[in-house]
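Listed in TrEMBL:
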| type | residues | note |
| --- | --- | --- |
| REGION | 48-85 | region 'Disordered' |
| COMPBIAS | 55-66 | compositional bias 'Low complexity' |
| COMPBIAS | 72-81 | compositional bias 'Polar residues' |
| DOMAIN | 93-198 | domain 'DM10' |
| DOMAIN | 266-380 | domain 'DM10' |
| DOMAIN | 439-544 | domain 'DM10' |
| DOMAIN | 565-600 | domain 'EF-hand' |
Amino acid sequence: MAANPPIPKLPGYTVSLPQSLGDKRLGKGQTLTYINGYAREEPLREVKDLPPRDGTGSPAATMSAGAGTGTYSPSRNTGFDSPNKLPQWVENDRKVLRFYGYFKESVVESNIENHRIRKVILYYYLEDDSMHVAEPRQDNSGIPQGVFIKRHKLTKDDGVSFFSPVDFNVGQEVTIYGRTFFLVDADTFTREFYKDNLGLDMSGPLPYPDDPVDAYRATFGLTRGPKGVGTTTQRMDDFKSYIEARLGKPSHLLDGDRLRQFLENNKRVLRFWCIWDDRQSMYGDRRPYVLHYFLEDDTVEILEINENNSGRDPFPVFMRRSPLPKTAQRTGYTTGPKYKKNECYAPVDFRMGSYINVLGRDFLLHDADTFTKDWYKENLGFNDDDLAAVDVKEPSSSLPRPALPPYNGYGTLEDSLQNCLALVPKPPRRDMHKLMNKDKIILRFTVRIVETDTHKHSPTDLARRFVLSYFMMDDSVQVFEPPVRNNGIAGGKFLERQKVYKPSSEEIYTYMDLYVGATLEIFNRTFELMEADEYTYTYMENNKHIFIMADHEILLKSLRAQAAGKEEAIRTAFIEHDKNGSGVLSGEELEAALAAAGLKFTRHQAISLKRRLDKDKSGGVNIEEFLSALSISAH
């Protein structure tokens, strides 16, 4: 239902609304009452049955209803429909949506171009939904430019509906009076308006297509300089100089006032540091230089920086002071050619991080002195970012190390290595930190010989027991066989103390390879570590950050992860291995129960866990405590 037209705020046009739509009493109620002798004023009750006017067609309601849906329906009310709401022509005063675009115009009977790209700016006025299209003026275009379509309300192709903001977007085509415009960009206000009111995020700016006439102008030198202000082409400059010379202008004034330039810029020199990288050619190198630009006569001097131990003779002058042409020319004359001023480098051509051509050589400008940076800021308007130094340091390449010959088996690997590093061998360096802090720390294990696929042993050898000692101070290993009476084998030293290398490797055995249950292959014999002494267990548990197998917490985490879904099997395995029904398992029974439950672990981990849970040193582990540690109930 359409809203009632607003009543103007004029005398005699006011209406007193009832307190309620269902109340037929139109009299004005009394507001002044007396309670206990005190005057009390009651405010008028508000009409609660009236719908909010902002939701019946006001611009604010229509805009908020269209937000996020891509629709926009401007109100046509031009008066004040509520005391706190402005009409559209006041609220949107001076708010204009601006789009940049172009249209293609066919060109016939021309050998230069067959079409032309004409850039336009489309303006949409929110106050009355009118539009106008303007074409920026271009110097010497030969086309009448300016206002392309006058401001008025434009209709769509159907001839009935009018254009609205939802009909425009970046990358969209708009047809106006039979001509198709391509929108490529919009200004900041337009983008924010679409995002805040329509919920649309416009895409980034799109490039303009190439215009054939631009290529023609660039080819024949008909294009003006940047911004087209105060700049002319070289052809126009030459013609101007020719006309002025014919009219009698002195020759020294045709090329600028050099005397005034000398007096103003005497002893003012711009200094740049540059690099010439010539390593792509034979015997080339990367060499540093200093470039001096003399402002008094626009000449350039390049000096070479002599580096220590460079192996080069100190020839400081790389290029004598002279104008530096942008493009070197070869001539058959003894003297160099005379270049025009616009053919040589000027201060505006020198930028940090850019290359300049020095007689066919590419020089990289990477830094400048303080005077040069200040001069650029004062005269050319450069900022600190434009004058920031470029890092030209290259990562230092490590010297290639000679390949070491394979180990021949004689002596130790360190001794053989010294013969390859020095002509006169020196004793290998020893780790003094380990010698001072880990002296007298010896890890001892009881080991036995085991069979492998390639080595078989007699029952006598399999029954032999050895003591393996690992010295932490120098990573050496010693194997000793305790003598046993009446076994027919003389005990004693089985392996001299030395560093033992792994099979077919130049890596030695370290403390990381030693734990109960591990196997070591020493000189074609495989030894299994069966158990360790009390000192070894205690030392490894106190340094569990390096002895991972002695860390019971890691084993508990692993067992909890493996026990998921196997609670009943683990509980059954522990009960079956409790032969006497005491609820306590020994170390061997604990390992057997874990193996029967299908859990993976090492013997050293099981021993460390048993030692941790056996707090009373009774030699057993309580089943309920162990299951509780695994987060498994005993029942």
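First residue shown is number 1, and so on along the chain.
Any Cβ shown, glycine's included, is placed from N, Cα and C.
Within the chain, the domain 'EF-hand' (565-600) has long-range Cβ neighbours (under 8 A, six or more residues past its boundaries) at 558-559, 606-607, 609-610, 618-624, 626-627, 630, 632-634. Over the domain 'EF-hand' (565-600) the predicted model carries a mean pLDDT of 81. Helix, strand and coil counts from DSSP across the domain 'DM10' (439-544) read 16 helix, 43 strand, 47 coil.
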